[in-house]
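These features come from Swiss-Prot:
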type    : residues                  : note
BINDING : 106-113, 187-191, 245-248 : GTP binding site
Amino acid sequence: MLEGLSESLTQTMKKLAGMSIIDKKTLKDVTKDIQRALIQSDVNVKVVFGLTKKIEKRALEEELPKGLSPKEHVMRIVYQELVNLIGEKPEELKINRKPYKIMMLGLQGSGKTTTTAKLVKHLKKKGHTSAIVCTDTWRPAAYEQLRQLTEPLDVPVFGDPENKDAIDLAKKGLEKCGSKYDVILVDTAGRHKEEKDLLDEMAELSQIVQPDEVILVIDGTIGQQARSQAETFKKTTDIGSIIVSKLDGSAKGGGALSAVAEIRAPIKFIGTGERVDDFEAFDPERFISRLLGMGDLDTLIEKAAEVTSEKSDKEMIDSIISGKFTLKDMENQLEMMNKMGPIQQIMKLIPGLGNQLPANASKVTEEKLGMYKILMNSMTTYELENPEVIKKSRINRISRGAGLTNDDVKDLLKYYNVTKKALKGMGKRNMSGPMGKLMRHMQR
């Protein structure tokens, strides 16, 4: 998620942590690095310079807080101002009536339909029953896409691909849903902001649906253009909140987030990948903590809680955090990571690990995961608990037993060693020094 921006800001914080003195010159060096990183992420130039001016002013004029050194104080200011840049923490989506009606809006290509399915999954995790009313008459595949995405969730989709009257579809869909479901999501046709007829239809739909919440889905790859998009929709209907989609790997995601924050539209959720599970409630403090390489243990614990139930799973989470795990632990880890999301994203939640995990460590496809499981099934319990004993003769035996090659065994061992090495620095060492002190200070 925002890999380039995260890497740049993490390096800036490390540079700051390593400074022996903080004066106007060193402060200017730091703010120039921040300016470069944010502008490359398509954050508005005027906004960027305003932010770095605040950082410099506060760093030079504020009284040093008790218990913090000058550089720790500057790091704290950088963190706080970046949090302010992307807005306040929004209120949670409160389902306070039945049915609670949500109208989903967005431009064509924003990822609105997929995001609707993601929101349904999120609501299901919270214990709410949902149904979807599809009123998208412009894209023939919309109804079928929704049906396929939500079928595993056992969520009904009401619609009719043959009916080209969105208002009629909304009325009939709402009538069929009645009050059987906690939440009814109305998926609308993707708009172009210039298409007046569609915007008029959206306003009419809003009158028919009488939504409790109107959610606008904005594509995170469009950068600061998100501002004008949100403003156009806001003029047509009341926007209750915003979901920024496609933040995984987007070079302009920072620009999109800050642009939306400028017009004070609350960002409630963000989409962080292609899977239905790649979706999370937006929390500016947690988000910036991850961007700066400070981790986000709260989100890690929440994600783990969603996919773990047995004691052994919880013990394995401790292994991940401590960096002490065997091949058997790694087998369980990969299973859990596969449920929680891409390993690179999960590792960014662990304080101090941030960008340390090599890029190739995240490229564990389902196919490779299957191969690794076959290889581990060919190992003895002793080998799984003591991977260091696996040398040439054992490699030969394991590969033969699995029907795979020696290179496959070596690939597994290489992945294990890379991951173990990356996790070795976890624990107390990652919470030491200025960065660690700042993390502890932020957790108070």
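Glycine residues also receive a Cβ, built from the backbone N, Cα and C atoms like all the rest.
Because the structure is a prediction, the values reported are computed rather than measured.
Sequence features, as recorded in Swiss-Prot, placed on the structure.
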residue	record	Cβ neighbours (10 Å)
Gly106	GTP binding site	26
Gly109	GTP binding site	13
Lys112	GTP binding site	26
Thr188	GTP binding site	29
Leu247	GTP binding site	24
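For the recorded site, Lys112 (GTP binding site), the DSSP three-state label reads helix.
In the three-state DSSP classification, Leu247 (GTP binding site) falls within coil.
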